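In what follows, a structure is listed as structure tokens, so that the remarks can point back to it.
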């Protein structure tokens, strides 16, 4: 559990939900998204929501907050899971892997980038991370609605220089290229030109040679040109309609145009001792072209990944000196897909996710069982949905769907997709997770001779068999492999080693696409089984890429197919929370007189037992060898509430006694390590009896030492992200306590209210761009405070204003540099006067609709006072009614009056200045 986050942000760990139900899961997910908390734990899994905006939570300061900390010591974050994987690798000398899954647009790639950034920041040259590619080939040639193809295509077109594009025979307009045309029409927040330069610079930094970078550009360009090739048949002869492109492709791939044309239109077949060229049909030529394009891009991708892994691999590694060579793998994998039309590609992708879900549940159960055994906690069997039956339905030898599909592809003669479906009906008709229209004649959601349904763990998916046979056949003919191997470009030649074989040497029937995919999945699972895996599950909140919209139905769909609720059930089946005795005491010892400030019991375990028993929680816990296990979330929340209340009491007490009286020595002072020495100076006869003044000085020093020490211990337990709010509240209390009735100490201070929860929807849309422009123009980093205000203009009129800095029209935009003081009234109104160096004071009334009685004066004063204190500058704050001020050099007063029928606060002119009229009912 991320203990440091307030419950106003929802449950930081889904395991701590009161009830494991979909409505409660969705409610917590929505609340955290709307509160700006995009990460949530499920035990040791991170659920990540795409915020569709840049967040300042990945800098060096944040990295330091997570470095070396245990997973639950900090709020949920990608850095927490990255650090956990790194520590596991170092402590147990075992390879680890972070598996990132989710659908397109959910933020998988960004998540992997931030994880790699963190690992790079905390490791030294003797350690490394490893990229593990699992590549979605079909995206090269076709994309789902609302998706772009791979960014590299658009980056090259938008970022490449005119000279580079001319050399590649390209134009900037992405809609001119068939493979990527749909994505060219989409609105995208990515700056492709800037990203192109960033990628090019990164390749140079990591050690790619200039000729290698040029080869990358040539391959990407060749794929774009391949997509524009069109075929037709003249009689029995296949012909390329736009044959000039063949010469362009040949030039880019460093081969001959006639060889490219032959590979596209013919297939060389060996029959015994004879070798013949078999002509393609128009459809076969199109399939071959697409297979070639996908294969080129995949080989390029794998070559880049291998190149990077080679560069970051530790050279001259000596295991006797450095220990076992371990790695952290980062696996970015596509998520479960359910579309209106699901074909062969979705079948493979969903099989992949089915396989990984099975592994995930098994490993979570295994980790749970191992921890229980280590801690001596009895293990009870956990019921869960075992999807091995679905995995077998797909991959089982001789009986599974892939085996039946391969048999259909190998049959002699014309085999159709309908014949394949008939074979499925015949062999799988009695399987509980398979159905078709023939098997279920009344199910009108299925089409005869076209559809079959699989009941996946994530839900039912209807697949159309149309194209299964052709897509499963190996249309990447050996001709293409020989063509690339014989290229004069050494990089290309290196990518296609199997092209070395002549046609007479290739005797085995090539494996089908489905079998190749199955084999890669089995190898991947075997690899992951040898590693200690960690998981990031990515969710896209909406399809409009809006940072504010939470599409309930869309999110629920992803939660279901990611199996998140099942994850929670498995993790919750035993104990919802566990923590070492030492860390548990460090956080909660203040809530028991037996453990505060330090206990004298035989062990931390006994101290924890005493604390638990004094609050009556002994029936909801179990005591392991090194950890306390808590069964239900309610117990933990009660502990958190007790901790929060006691923390406030202690901090307020310390503020009151921060200058201790000389004649008092509290009993807690005697616990300070300095106390015995100081007291012995005053009482030991060997030194003689000192004057009374010296005794009083020693007692005062002891008390002061103890107070400072206790304060430091308490502050150390406060999370770093809470400290600014705590400092601001202390500053507000020092300035306003006793002068104003309500300064808002009991509520959370959020600061940037307009950005977090706009009071007025019509103005919220323009706030962020205006604030960003001010940041760029005035070079400031953070907004200290923002809310809507009603202000007095230079002409004496009253109008509403969105306050984004303080006010860029009335105060120098370097504010609070130009600010010298504040004046507020002593009532419950929200009047504030900002006093400036140039006597052009700003008169405003803070405005809040939600809730209407929300007082923000204390927060504003506290935030500014705390900021000025950090800057070592003084800020004068006056509490009075009426308030004296200066408007454009003219002295005036602002008073506050209560009026019964006043609908909302407003300023009116008065002979001596202005009156703020506030509602009195």
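Placed from the backbone N, Cα and C atoms, the Cβ positions cover glycine too.
Just so you know, TrEMBL annotations never went through curation; they're auto-generated.
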Stretch carrying region 'Actin-binding' according to TrEMBL (options 498-520, 521-543, 544-566):
521-543
For the domain 'Myosin motor' (9-644), provide the mean pLDDT of the predicted model.
87
Counts by DSSP class (helix H/G/I, strand E/B, coil) across the region 'Actin-binding' (521-543):
9 helix, 8 strand, 6 coil
Name them in sequence order: residues not among 102, 103, 104, 105, 106, 107, 108, 109 whose Cβ is within 8 Å of the mean position of the Cβ atoms defining the ATP site.
50, 335, 538, 540
Which entry in the list of binding-site residues, 102, 105, 107, has its Cβ near the fewest other Cβ atoms, using 10 Å as the limit?
105
